[in-house]
Amino acid sequence: MLTHLDSQGRANMVDVTDKAVTSREAVAEAVVRMLPTTLQMIVSGGHPKGDVFAVARIAGIQAAKKTSDLIPLCHPLMLTSIKVHLAADGDDAVRITASCKLAGQTGVEMEALTAASIAALTIYDMCKAVDRGMVIESVRLLEKLGGKSGHFIADQAQVSS
């Protein structure tokens, strides 16, 4: 059953009033593939626009806080922790991991996914002048803790088709 639809099939924000406040956490990732020369420029600090990782990290943090403004049926949340980690992955990619936490009545999966996605888009924006062929891939939820549905770990779950 899709929880965002009412009995007539209309989009609706889920009522979480009676849900218990519990600790909730989610971790998401995104990967940006690029030319090795582009990655080298980022890692060496030689990008003319400045520190790509620092700007992407701040963009991801800001995005997590704005998720309910971007995704219509997401609840506005008082996140208690947002972390965005960026690192070179091989010689042609940046792997972004974003985690969000709160004590609340609804999960933070969308906030973590939004943080990872916007950090990836920020890397693309900052580097597009030197590498228009970059590819953003593997945006996914890695882990979710808390709430009624329990603990989810991506590599231990069946992939939806």
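Glycine is treated like the rest: Cβ placed from N, Cα and C.
Feature list (source: Swiss-Prot):
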ACT_SITE  D125  active site
BINDING   L73, C74, H75, M110, E111  substrate binding site
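The binding-site residues under consideration are L73, C74, M110. Their Cβ neighbour counts within 10 Å are lowest for L73. Across L73, C74, H75, M110, E111, which the record gives as binding substrate, the greatest C-alpha separation is 12 Å. Neighbour counts of Cβ atoms within 10 Å were compared across the recorded positions E111, D125; the minimum falls on D125.
Of all Cβ atoms in the protein chains displayed, 15 besides its own lie within 10 Å of the Cβ of H75 (substrate binding site). In this structure the alpha carbons, written CA, of the residue listed as 'active site' and E111 (substrate binding site) are 21 Å apart.
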